[in-house]
């Protein structure tokens, strides 16, 4: 059992409030990813959980016990830093066994644990090297090994993959997901990369401007973003977002896009409401009777899929994701449509207005 | 040192919650307390003595003199003379060290065989204790009869110069400048090494050569470092003492008596504590005018 | 830009010329230390001669030289050690646990260095006299410790600042208490920086002349003040003066050479790196 509970947590530096009103319940063995743009407060949040930052207000509970004033090493956590933070003057083995040595664990037990972790991470042959002699990926694994050896209740990751190149990042993503299963440990992972969040998380916590925007499984968040921010942040290519004004004609609601065109919206809205419409690129299809028309400005062939950018007026581009075949040529005018249930509508406050299915 | 009750105290008052987990007071205290005492006690005593009638040789002279010491000092031509000498020495040495420091730094920044050793040679004077420097210059080099300089002058048909009798302050200035040129060189050399090579290349592409390059790129880059050199040297040069003591002892007459040397004479040769303290206060005020700007410049660097 | 051979030679000549000019007085002195007294004062000067060690022997015999040398070692070494012991915790605290006041404390420490020694000569002299510290090694050690403390704290502070904060945080999570962090991480990681700080403090204390002349008379006199006594008739013996001087500056030149890279940082309070 190792759960983490955040109850109304906030952090201020003097008058500057960087995080506020955070409520979050992290269950045992759960892989939770905190994702958000840089400067949103996600790292501060993680550092507060770790005990590296004091908590201004609220309660932090680990396994039901309040740990606000408990020293970091007594919270039973291990953290993997963005810069790895390996001890440069120690060998890999010494790096990994440092915590055990401080805890007074005897040599044979230390060696056993280090070897065990080294095997899991394929570091066996590197144990006598210094961090400076390792590649980025290897250093990353040592940092993870240092955490594993301590057998913590909760693993904390602070953007651990951001210093790796793209190929290595994908490989480490898979390794981390595998590790989570293998260790069956609670993990809290901070990243600004929504792909990492989508691929690894049991649950995603989207953080923005020091507060939580939405919590949910990756698919929940992808399919039903609560706010415009979440809609735009999660998913690649980004969701198409069109600003519009609601109007009513014969009892039916239409959205006048700021870029000029008009589409019907399957819900009741007060005329004049400022709304934002969102449609995922893969939900848009070429359709000669579709409600939106535009000129193809750029076509990107990615091999298995094609991204087509269509100017729907005033230079506003809509992205369409389709299969291998092109939807046309640059300069062609095409019409586009989408299924009504793939349309997201956000009110003037940026929050989602759920579409009530009509029967 | 860490506040860590085994049982995390929910009863802990809310105000204390946000305090850092480590208490740094015991780590800071020795340094801060010692330096504070060292700063405040002598300063207070100097100020106190400076308004007292206090002479170690004359036990009858006691009590408040108020501003008599200052009045005596300020109306004494010796003080004016000492301040003039101090300023002349500081300004002259500053000018010499900056000019030669820039020259040495630029010369030693260029690539040539044995540069490492040459740099070392150039900074040697800085590590030589002031008394040794002064004596070597006074005897081996500047002695009017047997000194190397007089031989050089004689061999080109010029009369020998009695340096310390005829040009006491300038002679001391030469010695002090020689000691401080390496300091300027070291700092300016470090600064030059941070000069962007691409910027120089770009300027060269634009046709800048030699002097143009130096005036438009190198010197502006060095400007900040030169300011720092000037300020730090000023602080040290205001206290030049040993060089004067072992060469001229402030003479001939008062010709090379600077403010530090005047205070030394008043205090430890005339035993006039009150008068020396008043002189000390004046020296502190002078130094603090410079220190104010120096501290501001350095504090500015902390904002990173 | 390729330089022509002529330019290359000119660059080397200017560089070496200036350096030799700067070093000349000391080189000339070193030469004199190996001359006989009559060779040393000869005019025209003698450049080639059979070197002799008699001056060194004479210095050791006549002037009780080892006593003064030992004073310098004790005073410079002792004050440096003390300054490091007092300064290390403060620099550590300010570098890794900064508060709102840290910057002010640093600047204030720096400003104590700005006090001209002559300004406080009288009270210090009187206090030393009433405390019986005049002409004692401990008095000078105390003086130099305080004199160097601001520079030591500043220099250590800038070296500690170069250690990534995350490394200490990782150690904190690994269960290292501040004392363990210090011994097991900081000390091995910043040893070169601490060493240069110590060397600079030794150099400054070794060469200090104002307080050594004014606060010592014979028992505690270090080399700076001892050499100053050559200004009187003894100064006529140039070869012996040179030999004594060479011995006095020798060790410090070696230290200076070792620490030259870090020197700038220390002397400018981190303003130039």
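Glycine is no exception: its Cβ is also placed from the backbone N, Cα and C atoms.
Annotated transmembrane segment per TrEMBL: C:12-34 (among others), in sequence order. Sequence-distant contacts of the transmembrane segment (C:12-34), counting only residues of its own chain at least 6 positions beyond either end whose CB sits under 8 Å from a CB of the stretch, comprise 40, 47, 49, 51-53, 55-56, 238-239, 242-243, 245-246, 249.
For the transmembrane segment (C:68-93), same-chain residues at least 6 beyond its ends with a Cβ under 8 Å from one of its own Cβ atoms are 137, 140-145, 147-149, 152-154, 156-157, 160, 178, 182, 186, 194, 197-198, 201-202, 205-206, 212, 216, 220-224, 226, 247-248. Under the heading transmembrane segment, TrEMBL lists C:68-93 (among others).
Here TrEMBL flags C:105-128 (among others) as transmembrane segment. Residues of the same chain lying 6 or more positions beyond the ends of the transmembrane segment (C:105-128) and with a Cβ under 8 Å from any Cβ of it are 94, 134, 139, 143, 149-151, 153-154, 157, 210-211, 214-215, 269.
The feature transmembrane segment is assigned by TrEMBL to C:140-160 (among others). With a cut-off of 8 Å between Cβ atoms, the residues of this chain six or more beyond the transmembrane segment (C:140-160) that come close are 71, 74-76, 78-80, 82-84, 86-88, 90-92, 94-96, 106, 109-110, 112-113, 124, 133, 186, 190, 193-194, 196-197, 200-201, 204-205, 208, 211-212, 215-216, 220, 222, 262, 265-267, 269-270, 273.
Residues or ranges marked as transmembrane segment in TrEMBL: C:181-206 (among others).
Taken from TrEMBL, the feature transmembrane segment applies to C:237-257 (among others).
Sequence-distant contacts of the transmembrane segment (C:181-206) (same chain, at least 6 residues past either end, Cβ-Cβ under 8 Å): 72, 75-77, 79-80, 83-84, 88, 92, 144, 147-148, 151-152, 155-156, 159-160, 162-163, 167-168, 171-172, 222-224, 251-252, 255-256, 258-259, 261-263, 266-267.
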